[in-house]
Amino acid sequence: MVAGLLLREKPFVGLTVFSGLLFVLSYLRFFFFEGSTLDINIHDTYYVFSQHHLLNFTAIWIGLCAFGYWVLFKKGIRTIYGLTIAHLLFSILAIVGLIFDLGFISPDDTPNRDYQNTVYPKGMDFLVYILLFSIGQLLYFINITASTIRRERIR
């Protein structure tokens, strides 16, 4: 009951905690696996991201989502509960899935000696996580917009 009420009226609390955990994980990853990168190959172009930067960006984005929910809470506007739950579920599942996918890849998966610190997740898994996260963020914007237009007040 308390968790449902917390998610219904203050979803920013959980997102703020999750954002903080992502920052901690990002800096732990930077400290222990400094050169670890994520390489994405699209046709003839390679995109190389530091895992530290990817986790930092994700933590900042989740923090901005928490800020949006907090602004609605301070204005007294209730969010749509189903969309809030869907946003949180899609976003957190995508991020946790990506973290586990990046964290449990063995060094044997590296193609050659030039990429000793590079991590190569399975392409389809990575695509699924990106799609889940994108759907979650689309639901977030729909939720914020619809809640603002509807303006149902928190009692």
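Just so it is clear, glycine is given a Cβ too, placed from its N, Cα and C backbone atoms.
Counting same-chain residues at least six beyond the ends of the transmembrane segment (12-33), those with a Cβ under 8 angstroms from any Cβ of the stretch are 6, 51-52, 55-56, 58-60, 62-63, 65-67, 69-70, 73, 88, 92, 95, 99, 117. Here TrEMBL flags 12-33 (among others) as transmembrane segment.
Annotated transmembrane segment per TrEMBL: 53-73 (among others), in sequence order. Same-chain residues lying 6+ beyond the ends of the transmembrane segment (53-73) with a Cβ under 8 Å from its Cβ atoms: 9-12, 15-16, 18-20, 22-23, 25-26, 29, 38, 79, 84, 87, 91, 95, 99, 137, 140, 144, 147-148, 154.
With a threshold of 8 Å between CB atoms, the same-chain residues lying at least 6 positions outside the transmembrane segment (80-106) that come near it are 7-8, 11, 14-15, 18, 22, 25, 36, 38, 51, 55, 58, 62, 65, 69, 119-122, 125-126, 128-130, 132-133, 135-137, 139-140, 142-143, 146-147, 150. For 80-106 (among others), the entry in TrEMBL reads transmembrane segment.
Sequence annotations record features per position, and here TrEMBL assigns transmembrane segment to 126-146 (among others).
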- Message: If we skip the immediate neighbours and take only residues 6+ beyond the ends of the transmembrane segment (126-146), which ones have a Cβ under 8 Å from one of its Cβ atoms?
- Response: 40, 61, 65, 68, 72, 79-80, 83-84, 86-91, 93-95, 97-98, 101
